[in-house]
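As structure tokens, the structure follows; a few thoughts come after it.
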Amino acid sequence: MGDRLRLAIGVMGNVASLLLYSAPIFTFARVIKRKSTEEYSCVPYIIALLNCLLYTWYGLPIVSYRWENFPVATINGLGILLEFSFVLVYLWFASTREKAKMDVQIKVVVILIPVILAFGIISATSAFMIHNHHQRKAFVGSVGVVASAAMYGSPLVAVKQVMQTKSVEFMPFHLSFFSFLASSLWLVYGLLGHDLFIASPNFVGSPLGILQLVLYCMYRKRGIAEVPNKLDVVQNDHKSTQLEIMVTEDTKEKT
């Protein structure tokens, strides 16, 4: 019964995490449409990529015992593809100016390369230098806890921006909601399996998700400033012109 419940929670966690990892699709659709990354940061996506790499490795039978963490491996494997795609799109549309674009690309690559190298060292060490599952889980899981906590904590940059600007433009509701939902489900999954390496980072993720949702509710009415409709502008200009003509004619009649 306990294993079935844990598997069911894992499946629900997979669905919630898929929604979380795919939520930036809306953001990057906007980036592609405007051909600019605007005020968005690439750091959260790089941290999420590291988290997905580590927990995919953690869920595989090399680290975990057989397929006890199969749901963890599957969703994070998909997360690798999504997060890597987001980073590539970010690099392509980094800036409209060539010099600024090159500077941003260099900064992103400088962060990305150490992340890939770190994962390579961690996976090689756990596979060839540690010879039992318990110690492998402890080693990879400890690093994964840090990466996962950083992933859930990275939206704090957006939280700071929301509090400063009193606008939720760069903190979408769906991203905050899916973050809260996924972290809550994986918290339960980890506790049911007595796996603190899965549960502990979500002790951070759930409260941060709640914080983001509360801030969204506070500032959502002051959210995105809407661009005036072009037709409305033309109509208003036409009305203003008509009013000026009427005033002019009225003045002439009086004189």
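A Cβ is built for glycine as well, from the same backbone N, Cα and C atoms used for every other residue.
Some features that TrEMBL has for this protein:
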type	residues	note
TRANSMEM	6-28	transmembrane segment
TRANSMEM	40-58	transmembrane segment
TRANSMEM	70-94	transmembrane segment
TRANSMEM	106-132	transmembrane segment
TRANSMEM	138-159	transmembrane segment
TRANSMEM	171-192	transmembrane segment
TRANSMEM	198-219	transmembrane segment
Remote residues contacting the transmembrane segment (6-28) - C-beta distance under 8 A, at least 6 residues beyond either end
40, 45, 48, 52, 70-72, 74-76, 78-79, 82-83, 86, 89-90, 172, 174-175, 178-179, 181-182, 185-186, 188-189, 192-193
Are there residues at least 6 beyond the ends of the transmembrane segment (40-58) whose Cβ is under 8 Å from a Cβ of it, and what are they?
21, 24, 27, 31, 64, 69, 72-73, 76-77, 79-80, 83-84, 86-87, 90-91, 108, 111-112, 115, 118-119, 122-123, 126, 137, 140-141, 143-144, 147-148, 150-151, 154-155, 157, 170, 197
